Amino acid sequence: MPPRSDHDLARDLAESAGALLLQVRGRDFGDAAARKAAGDAESHRFLLDRLRELCPGDAVLSEEGADDAARLGAERVWIVDPLDGTREFSELDRSDWAVHVALWERGRLAAGAVAVPAEGLTLNTGEATVVPEAVDGPIRLAVSRSRPPALVQDLAAGLGGELVPMGSAGVKAMAVVRGQADAYVHGGGQYEWDSAAPVAVASAAGMHTSRLDGSPLHYNQPDPWLPDLLICRPALADRLLAALAELPSAAAPSRPNHGGVHA
Ligand SMILES: Nc1ncnc2c1ncn2[C@@H]1O[C@H](COP(=O)(O)O)[C@@H](OP(=O)(O)O)[C@H]1O
Ligand SMILES: [Mg+2]
């Protein structure tokens with residue numbers, strides 16, 4: 001049997017962590033906070049154990065783990081968000097939460113997968129994803145349902161676009177790839193694990209991916225704070241970047257204190 005490619009490995013890991021999360025979610029918990037904590041911790045532990053076993057020489061940057069500075073000298077770094085859309089994971093009637101697994105290798109994203117377990121869906125960089133044709137009508141902007149950034153609301157107003165609220169960065173990015181939205185525009189704060197796998201998968205599907213000022217997204221940086229991004233159909237990129245450049249609300253925010261990664 002040929003060795004498994006990094007694309008396949010990313011897909012298998014995201015899919016398996018997703019299956020685990022479906023089991024965790026089905027357990028009885030006293031409250032939503034306990035369900036979220038169990039999901040974050042168990043998916044993280046699973047991914048870390050599998051990566052240590054299968055790729056012992058690779059570094060890992062996970063939302064739920066201690067940040068080991070050795071990753072800055074590593075050639076290969078897995079950037080994972082074991083449970084993205086934690087809030088939606090704890091709301092049992094929702095399916096908009098995801099598992100992100102990306103591989104950064106020598107300066108670029110080399111492979112990635114986003115699983116949306118409650119929909120039985122995993123998209124990855126190794127398969128040619130066919131993006132549906134654009135539909136006529138207003139530009140549809142995927143946006144956070146719980147904390148929609150002011151800039152996206154301003155952008156929609158300026159373009160005559162409409163907001164499509166949903167949870168999870170991965171689900172929003174996959175909504176663009178799946179033709180359910182035309183763009184995912186985010187500002188106001190995020191970390192590398194929120195966007196690495198979504199950007200890898202969207203980029204492999206031919207989507208435009210960048211910062212809001214059009215500059216490239218860089219991963220495996222000393223500070224994993226990566227506060228804004230644009231993922232969209234390539235034909236819309238110039239128009240959206242021009243509109244964003246006119247918006248004062250699109251300025252990058254400063255980094256808040258974060259409890260997720262322990263330096
Ligand atoms: N202003 C902000 N600062 C830091 N992280 C943010 C953020 N806005 C969104 N995120 C993160 O981006 C992911 C998607 O958010 P949303 O569903 O609101 O669009 C969530 O990841 P987690 O669920 O892994 O914490 C969320 O924590
Ligand atoms: Mg996240």
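A Cβ is built for glycine as well, from the same backbone N, Cα and C atoms used for every other residue.
Among the candidates Glu63, Glu64, Glu91, Glu105, the one that TrEMBL lists alongside Asp81, Leu83, Asp84, Asp194 as binding Mg(2+) is Glu63. Of the chain residues outside the Mg(2+) site list Glu63, Asp81, Leu83, Asp84, Asp194, Val80, Pro82, Gly85, Thr86, Ala98, Val99, His100, Ala169, Gly170, Trp193 have their Cβ within 8 Å of the site's Cβ mean position. In this structure, the binding-site residues that sit close to ligand 2, with a C-beta under 6 angstroms from any of its atoms, are Asp81, Asp84, Asp194, chosen from Asp81, Leu83, Asp84, Asp194. The binding-site residues Glu63, Asp81, Asp84, Asp194 differ in how many other CB atoms lie within 10 Å of their CB, and the one with the most is Asp81. For Leu83 (Mg(2+) binding site), applying a Cβ distance below 8 Å and a minimum sequence separation of six or more within one chain yields Leu21, Lys36, Gly39, Asp40, Ser43, His44, Phe89, Trp97, Ala98, Val99.
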